[in-house]
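Feature annotations, reproduced from TrEMBL:
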type	residues	note
BINDING	Glu40, His43, Lys149, Asn153, Arg155, Gln167	chlorophyll a 1 binding site
BINDING	Arg45	chlorophyll b binding site
BINDING	Glu150	chlorophyll a 3 binding site
Amino acid sequence: MPADYGFDPLGLANYDLNLGSVRDKARSKVDVVKDYRDAELRHGRLAMLAALAWPIQELASPSLAHDIGSKVLLTADGRSPSVLNGGLGAGPIPLVLLGTAAAIAALDLRALKIKEDSGRDWLPGDFGFDPLRILKGASPLAIKDMQAKEINNGRLAMLAITAYVIQEFITGEPIVVTSEQLFTPIYMYPWFQAILDHAFGIASFRAG
């Protein structure tokens, strides 16, 4: 399978079907592993969105809220609302969470239908969604390579979002503050502005 590097310390790929449910016993080990891969892809995709959205909302929410005259939905210390940080009951957040849960449920129903219709040809994580037609006309090798990249980026994102949550909970500060170097545009650094000054004689990008 794509992105299979033989790393399985818990032995999930060698799961004993005889220890599972009646439903598991009726399936092959390949089917069980494909379900694991499907779950990994789903969590990876969600984590990639979260890893991007988490710092963006901490950086942009105050400005956007000010521009539209709305309440800032971050916590009092500027952290993203979460189970550990609190703030999930503020404003429209509960409604957004309900809407997200409904969207996930709809996606699950569609995924089950695709899996049933595809039979033995079912590919984990394939929901028939490719609006940019990235895979159209791609060779099997190119498709496998792209699948591996998606899985690897998803794995990295799952680690990243876990680090965000733990770091904010322990420090009590936003991730964009504790890891400022990762979220500050390069043109905001004094050394970069000095390079522009020296090269062009003008600090075009100097912050006010």
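Note that Cβ sites are derived from N, Cα and C of the backbone, with glycine treated the same way.
There are 17 other Cβ atoms within 10 Å of the Cβ belonging to Arg45 (chlorophyll b binding site). Within the set of binding-site residues Glu40, His43, Arg45, Gln167, the entry lying nearest in space to the residue listed as 'chlorophyll a 3 binding site' is Arg45 (CA atoms). Note on the binding-site residues His43, Lys149, Arg155: the fewest other CB atoms within 10 A surround the CB of Lys149.
The distance from the Cα of Lys149 (chlorophyll a 1 binding site) to the Cα of Arg45 (chlorophyll b binding site) comes to 12 Å.
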